[in-house]
Amino acid sequence: MDFGLIAQYLANGILLGTMYALVAVGFTLFFGVLDVIKFSHGDVLMLGTFIGFTAWLGLEAVGVTNPWLQLAGVLLCSLAGTALIGAAIANWLILPLKRAPQLNTLLITLMLGTAIREAVRLFYPNGSNPKAFPALLPDASVEIGSFALRADSVILVVSGLALIGALNLVINRTRLGLAIRAVAQDEETARTMGINYTLVVLATFAIGSGVAAFAGIMNGLYYNEINFGMGLILGLIGFSAAIVGGLGNLYGAILGGFLFAGLQVVGSALLPFASAYKDVFAFAVVIALMAWKPTGLIPERSSDRV
Amino acid sequence: MKFNTRKSLRAVVFSVGTSASLLAAVAAQAKDTVELGFIGPLTGGVSSMGLGGRNSAELAVQLRNADPNSKYHYELVALDDECKPNVGVQVATKLATDRKVVGTIAHYCSAVAMGTVDVYHRFGLPMTVWGAVLPDITYGNDYPEITRVNGTMINQNEKAASVMTGLGYKTFAIIHDTTDYGKGHNTYLTQFLTEGGASVVGAFGVTADQQDFTAELTQVKALNPDVVVYAGLTPGGVRVRQQMEKLGIEAVFEGVSGIKSDAFFEGLGGELAEGTMTFLEGAPAEKLPGGAYFLKEYEAAGFDSPPEAYGPFAFAAMDLLIDAVEASGPDRKAIVEYMGGVKEHASITGPITFDDHGQNTVALITAYVAQDGKWVVWEDSEYASGARKLVAPK
């Protein structure tokens, strides 16, 4: 296998990995703060992408054609809208169930996800058909041997990684991050120290959902196509990535995302059987990893939680 | 007096008018209503095909209802199989267990038809396929209930292989979905290409709703084939073509009948679609024997979506089913028997003759190329005349 081919696989894997990591980060944030698993995460992501797509249609309609302006508008609407939706879900569906068994939260978000998905399918104009998402990034490419490096892929990966980096800074270096970590560690003590618990939870859900919307827009820009079912598999992969990396740990989610992408690429590139089995292979390895390390590759330190 | 005459005259005209309309109403009521089914993908990625088929079937029903010589009043029961086998079996069962429905035309997606043929057979409901092309739908069973007006993928791939090798292309990479439809195309295309002296350098099975093809396409790029074939439906075709561009693969993109839709251009935009080859049974609607008539009536009916590639077949299938009801009455058994003897039956797609498996023996296949955001018959295209060039063989 020549260099160009390996580089191409690597580039594909990094792009997918960034996308998965962004989704996994949301799962891990929610679990860290509230100990809940929000199964509607993937569908919220899809909703965010459709908000961005609608914003683009609106911008086209009013005559804004500069791609960078359009991109800014799309990102702004999508991220802000999805953050609000995330906070709303936390406020009206998840916080009220805090004293109920965790299974109820899991079920209610699972059902919410289905409701969101079906609502977009039925009520978005022509929602059951795939939509052609615009290519807003420059599509110049550099050929290095047999390897085509495209400007848009580079921009997507760099901005995705930058967002993860920024999120890391927010969690570890800001007062909000301190509050989030405090709540994650011990809710009661955090409250007695004067931290506004509800606000911190809402902020966490807003951040996690906004990051997912970014992953959705990234997905749209990369594949130039979005559809109502896109959140399902992305959500599942993000969830698996968060679990295998160690639920509740930010680095674990990132590691899990890249690991899953790597497995998919290996599954389709190196293994002898049909590439249709790449997801089977990736999920099988994830199952094996979970059997080996039930708390994830980078487990949440238990002292964090007691 | 004069005034009175006019008044009575008006009364006479009025009463004549009333009784005439009453009579017409009685006549309409005198006709028994017969329910006929239509099943196709009305939502989902290939819904444009399903809606085109449904509209065409609806048109056949409307035209017959407008005909004063018809013995029955027809009503169309249109159901959505979403191009999913499990949903298809549900709606087929729903239709087949409804005793008011005497016959149906069904299915654009082969994988769905493969799942439902047993249902129609079990309930004895005559079903004519209007779009699905997998040979096994008719040839894989001995069910007299199952017939098909369109050709199969065997004919389609034979033509595809001969056209492409005739243009000098030697090496092919095939990406196919792992449904019966994609696998069937892969099998037959590989067979005919090999027989024609070309070689298939790689074949990749992918899931039907797969989003990311970069891993497969990276391998394809390394194999450097003349032609990349996608054997599947429009959404997958759009994604593969888009991602070929992202990886900088220089090759002709060839699809199968499943991508020949206007939605292909909607999803892709004209520029990337340009030069895509595909093949389809029959001929473009306007070139069919009854094509001009069909298109004129379709236009006049004011449907909000185009008939798409298989609309004429759906129309022909529904028209044939109605002919069967007219000839042998609204009875499932009688219709099945009628279908068994269909020979040189006139239709807008040309004469229909069913062989002993209920398969129409048309072998007419047309090659198309994407030119300026439209599917153009290969022979009429600027690519065939030499004004434009496909990616040259390596």
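Each Cβ is built from the backbone N, Cα and C atoms, and glycine gets one as well.
For the transmembrane segment (A:6-32), same-chain residues at least 6 beyond its ends with a Cβ under 8 Å from one of its own Cβ atoms are 38, 41-42, 45, 144-149, 153, 156-157, 160-161, 163-164, 167, 180, 184, 204-205, 207-209, 211-212, 214-215, 218-219, 222, 234-235, 237-239, 241-242, 245, 247-250, 252-254, 256-262, 264-265, 269, 300. Among the features that TrEMBL reports, transmembrane segment is placed at A:6-32 (among others).
Per TrEMBL, the feature transmembrane segment maps to A:44-62 (among others).
Residues 34, 36, 38, 40, 44-45, 47-49, 51-56, 59-60, 105, 108-109, 112, 134, 136-137, 198, 201-210, 212-214, 216-217 of the same chain lie 6 or more positions beyond the ends of the transmembrane segment (A:68-94) yet place their CB under 8 Å from a CB of it. The transmembrane segment annotation in TrEMBL covers A:68-94 (among others).
When Cβ-Cβ distances below 8 Å are used as the criterion, the transmembrane segment (A:144-171) is approached by residues 2-5, 7-8, 11, 14-15, 18-19, 21-22, 25, 135, 137-138, 177, 180-181, 207, 211, 214-215, 218, 221-222, 250, 254 of the same chain, each at least six residues removed from its ends. Marked as transmembrane segment by TrEMBL: A:144-171 (among others).
What TrEMBL records for A:199-222 (among others) is transmembrane segment.
Same-chain residues lying 6+ beyond the ends of the transmembrane segment (A:228-247) with a Cβ under 8 Å from its Cβ atoms: 19-28, 31, 37, 39-47, 49-50, 113, 117, 120-121, 124, 127-128, 212, 215-216, 219, 253-257, 259-260, 283, 286, 289-290, 295-300. As annotated by TrEMBL, transmembrane segment applies to A:228-247 (among others).
Residues or ranges marked as transmembrane segment in TrEMBL: A:254-274 (among others). Long-range contacts of the transmembrane segment (A:254-274) within the same chain, counting only residues at least 6 positions beyond its ends with a Cβ under 8 Å from a Cβ of the stretch, are 9, 12-25, 164, 237-238, 240-246, 280-282, 285-286, 296-298.
The transmembrane segment annotation in TrEMBL covers A:280-298 (among others). The list of residues near the transmembrane segment (A:280-298) in space but at least 6 beyond its ends in sequence, with Cβ under 8 angstroms from a Cβ of it, reads 240, 243-247, 249, 251-252, 255-256, 259-260, 263-264, 266-267, 271.
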- Message: Below 8 angstroms Cβ to Cβ, which residues of this chain, lying six or more residues outside the transmembrane segment (A:44-62), approach it?
- Response: 23, 69-70, 73-79, 81-82, 85-86, 89, 113, 116-117, 120, 124, 131, 133-134, 136, 209-210, 212-213, 215-217, 219-220, 226, 228-231, 234-235
- In the same chain, who gets a Cβ under 8 Å from the transmembrane segment (A:199-222) while lying at least 6 residues past its ends? 15, 18-19, 22-23, 25-27, 29-30, 33-34, 38, 41-42, 44-46, 48-49, 51-53, 74-75, 78-87, 89-91, 94-95, 133, 135-137, 152-153, 156, 159-160, 163, 167, 170, 176, 179-180, 183, 190, 230-231, 234, 238
